[in-house]
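Listed in Swiss-Prot for this protein:
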TOPO_DOM  1-9  topological domain 'Cytoplasmic'
TRANSMEM  10-30  transmembrane segment
TRANSMEM  59-79  transmembrane segment
TOPO_DOM  80-87  topological domain 'Cytoplasmic'
TRANSMEM  88-108  transmembrane segment
TRANSMEM  113-133  transmembrane segment
TOPO_DOM  134-144  topological domain 'Cytoplasmic'
TRANSMEM  145-165  transmembrane segment
TRANSMEM  182-202  transmembrane segment
TOPO_DOM  203-268  topological domain 'Cytoplasmic'
TRANSMEM  269-287  transmembrane segment
TRANSMEM  304-324  transmembrane segment
TOPO_DOM  325-330  topological domain 'Cytoplasmic'
TRANSMEM  331-351  transmembrane segment
CARBOHYD  Asn359  N-linked glycosylation site
TRANSMEM  366-386  transmembrane segment
TOPO_DOM  387-406  topological domain 'Cytoplasmic'
TRANSMEM  407-427  transmembrane segment
TRANSMEM  435-455  transmembrane segment
TOPO_DOM  456-535  topological domain 'Cytoplasmic'
COMPBIAS  484-508  compositional bias 'Basic and acidic residues'
COMPBIAS  513-535  compositional bias 'Polar residues'
Amino acid sequence: MAKILTIVMLVFVSMAGWMFGADTGSIGGITNMRDFQSRYADRYDPVTDTYSYSSARQGLLVGMVNTGTTVGCLLSSPLGDRFGKRKCIMGWTLVYITGVIVQLTTIPSWVQMMVAKIWTGLGIGALSVIAPGYQSESSPPHIRGAIVTTYQLFITLGIFIAACINMGTHKYTTHPEAQWRVPIGINLLWGILMFFGMLFLPESPRYLAVKGRNEECMKILTRNAGLPADHPIMQKEYNAIQADVEAELAGGPCSWPQIFSNEIRYRTLLGMGVMAFQQLTGNNYFFYYGTQVFRGTGLNSPFLAALILDAVNFGCTFGAIFVLEYFGRRGPLIVGGVWQSICFFIYASVGDRALTRPNGTSNHRAGAVMIVFSCLFIFSFAQTWAPAAYVIVGESYPIRYRSKCAAVATASNWFWNFMISFFTPFISNSIGFKYGYVFAACNLCAAIIIFLFAKETKGLTLEEINQLYLSNIKPWNTGAYQRDREDIKQSDSEKERGPTSKLHEYVEHAPNSYASTHSTESENYPQQVTNPVGL
């Protein structure tokens, strides 16, 4: 069993998620604060004494952070390969801190605020790749899913805390600029904690193995697992890492085009698709524009409604730690996609057909129904698509390709994040709550994609996952492999053989087996991959 201290250290890396969540959770409320609007909005109505934004300006203020995050994702890969994940986490945290300082000290120029958000996004985007990758590579297999899930848990905690801060500051009148400067200033604290905390954490053991620092690699593995170096489990894990490193690096450094080669293209596109659909579920429709959306339902306190939604998001994410470890990855993603599609369909139908009365006033009962189904959507999203997307990307790639594949997958996430955050004002102003039908369709498509393409990886080591994807086992049959694997674990003789040979046995007897077309020697690291569903 992993030491408690190791678990705490790995969970601490999820502070990167908190930084991301704090930015996401604060911007929606900040753009609706009067002092901020008086400085950066481009419309003023003297009759009502209110400020408002054009769709373009609001989209840029909210969404441009995601252009920075997309670039940060792509930059994270070469720097992570060269300097290691620990040093890069610290470096990108400094980039984040710098961006927050510029936001905090900006003059009344919306362009300067936008540029500061882009700079902040560079740090957030890079950390969204490196931090879950560090956790995946450093965690013992039996708790890896739970550890990486804490990254999403901390995102939701950051969103919730930011909403609480917004709720407490949006009515400041003595020093009105404190309405939005306090939420932004507090975000500095999370970056500072992250930077100094990383001083006490070790480097990823798999990165050390790649660099030939084998003694340090074994030392960290044994410390993380709480077992001596001569323990059979440690020897098997260490030998598996060494074999994987030697095989994956035999072809030399990985170039960007190679992540779309036959050997890895299937997983590259899967990761990009999963991360894209995590955004296309529509979660950030609520997190970025929740305050504005709920104001449209006629509520007197849209800040409170957004806070309730964020609280549901945070509370339900605790369930994800259990869901992903007990039910795996495929099942929750499929069920979650269908559930979320239903929620958005009802949300859009009520908003489009029942929210506004013939006399133009809001139907508060319809508004309450919309909030309920918004919460039911978040109930599902927080336990399925929110954490599982990061888990899949963090554990699906072999060492040689891992940093670049994770970078392009996460860049896909941030690209669609930008598309939604920027175009939502335009679309909402055009079709109103019918926008929800788009997300309902996307959620249903996401469930189908997972059923057809994603393999079940619960409880496998990173090396076993690599071999599973190299096999011809159909994605919808990998659940059967998991059940067989649990049965095999009951046999003492099979325990002595080690987890890798268990996978080999299943592959040898699987339909359309990979083993039938490859020799035993080449089975571990084949040069050509037959994609199970034709990608």
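Even glycines carry a Cβ here, placed using N, Cα and C.
Only pairs six or more apart in sequence are counted, and the transmembrane segment (435-455) with the transmembrane segment (145-165) gives fewer than three Cβ pairs under 8 Å, not enough to call it a contact.
The secondary structure of Asn359 (N-linked glycosylation site), as reduced to three states from DSSP, is coil rather than helix or strand. The topological domain 'Cytoplasmic' (325-330) scores a mean pLDDT of 84 in the predicted structure. Residues of the same chain lying 6 or more positions beyond the ends of the topological domain 'Cytoplasmic' (80-87) and with a Cβ under 8 Å from any Cβ of it are 129-130, 133-134, 137, 198, 201-204, 207, 211, 253, 403. For the topological domain 'Cytoplasmic' (325-330), residue counts in helix, strand and coil come to 4 helix, 0 strand, 2 coil, using DSSP. Note on the transmembrane segment (331-351): residues 274, 277, 281-282, 297, 323-324, 366, 369-370, 373-374, 376-377, 380-381, 383-385, 388, 432-437, 439-441, 443-448, 450-451, 454, 479 of its chain, located 6 or more positions outside it, place their CB under 8 angstroms from a CB of the stretch. Contact check: the transmembrane segment (145-165) against the transmembrane segment (88-108) gives fewer than three Cβ pairs closer than 8 Å, residues 6 or more apart, which falls short of the contact criterion. Taking every listed stretch (10-30, 113-133, 269-287, 304-324) in turn, the largest tally of C-beta pairs under 8 A with the transmembrane segment (59-79) is reached by 113-133. Through the fold, the topological domain 'Cytoplasmic' (325-330) approaches residues 143, 145-146, 388, 391-392, 450-451, 454-458, 475, 478-479, 482 of its own chain, all at least 6 residues removed from its boundaries and within a Cβ separation under 8 Å. Panel annotation: around the transmembrane segment (10-30), residues 36, 61-62, 65, 89, 93, 96, 117, 120, 123-124, 127-128, 130-131, 134-135, 138-139, 147, 150-163, 165-167, 170, 179-180, 183-184, 186-187, 190-191, 193-194, 197-198, 201, 224, 284, 287-292, 303, 306, 310 of the same chain, lying at least six beyond its termini, place a Cβ under 8 Å from a Cβ of the stretch.
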